[in-house]
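If you look up TrEMBL, you'll see 25-48, 60-78, 98-120, 140-158, 204-226, 238-261, 273-292 marked as transmembrane segment. The feature domain 'G-protein coupled receptors family 1 profile' is assigned by TrEMBL to 41-290.
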Amino acid sequence: MASPNQTLLTEFILEGFSEHPGLRLLLLVSFLSLYTVALTGNVVIIALISFTSGLHSPMYFFLCNLASMDIMCTSSVLPKVLVGLTSAENTISFQGCMAQVFFLIWSLSSELLLLTVMAYDRYMAICFPLHYSSRMSPRLCGALAMGVWGICALNASVNTGLMTRLSFCGPRVIIHFFCEIPPLLLLSCSPTRVNSIMTLLADAFYGCLNFLLTLLSYGCIVSSILRMRSAEGRRKAFSTCSSHLLVVSVFYSSVFCAYLSPASSYSPYRNKVSGVLYSALSPTLNPLIYTLRNQEVRRALGRLLPFSRGQV
């Protein structure tokens, strides 16, 4: 609780990249480019899957959800970053900060859980191809997607609600370029034990458990592929999951770097770098990875954009 002579903060200052004033223009152009590519690429992925009947399968249904999560993640962070790079003082209201925390947690946790679901989908497709259509029915896929969005919205609501109960009396400078739980906990003048415990539990479930389940799925997939007698069959099987495995590697490495450490060991530089990776770079790379490495998506893109047919 704040003492009577302490004034509760109604807004924060985002430090952003103020330690590199000479790079402001370069950073502005870089983040604007990343946001434009991420937004365009993910919207194109959603449009392709929605309007191409050949892509109406569980894998692409989940990919459409992943693109939606990427749009939410990058849009909850980068517009404010761009505004901050064009202004002298980058302030954000308490309500705006909590909204950013909510949507960021919702999108990140949803993506971690969805990547596990997508790994399970690939496991079913490669290890049980004859039963794939019946087991991964549209009803089950819809239920899995709704479960991912719903469970993660609840997680975001709980953690954001706990943040709103904290008192912030100063200083008001968040040593980051967006609102995130670890740097906010360092600014609180009220006990943060419950917040830390809930964050740790969320990290254990969304980070560690889902990572282990994804590794288990791919362990079974690799084992099944190595038992295939046909070299062409092995090549096609590896091709169907290589894109997803690459996305998993990029995303988990950045999230682990940011969240799997106690608030007391918070490193501003490390967390800014990892923040750029999962809020800007990963949403930008995901549609490129799935487009460039997937023949079905490239063919659908070629039909949508006639001028690219010669390159597909």
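Even glycines carry a Cβ here, placed using N, Cα and C.
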CB contact flag for the transmembrane segment (140-158) and the transmembrane segment (273-292), at least three pairs under 8 A: no
Intrachain neighbours beyond the transmembrane segment (60-78), with Cβ under 8 angstroms and 6 or more residues off its ends: 31, 34-35, 38-39, 42-43, 45-46, 49-50, 99-100, 103-104, 106-108, 110-111, 114-115, 117-118, 121, 141, 144-145, 148-149, 177-178, 247, 275, 278-280, 282-284, 286-287, 290
Close approaches to the transmembrane segment (273-292) from elsewhere in its chain (Cβ under 8 angstroms; 6 or more beyond its ends): 31, 34-35, 37-38, 41-42, 44-45, 63, 66-67, 70-71, 73-74, 76-78, 104, 108, 176-178, 180, 243, 246-247, 250-251, 253-255, 257-258, 298, 301
Model confidence over the domain 'G-protein coupled receptors family 1 profile' (41-290) (mean pLDDT, whole number): 86
Folded-back contacts onto the transmembrane segment (25-48), same chain, C-beta under 8 angstroms, at least six residues removed: 17, 55, 63-64, 67-68, 70-71, 74-75, 78-79, 81-82, 85-86, 280-281, 283-284, 286-288, 290-291, 297, 300-301, 304
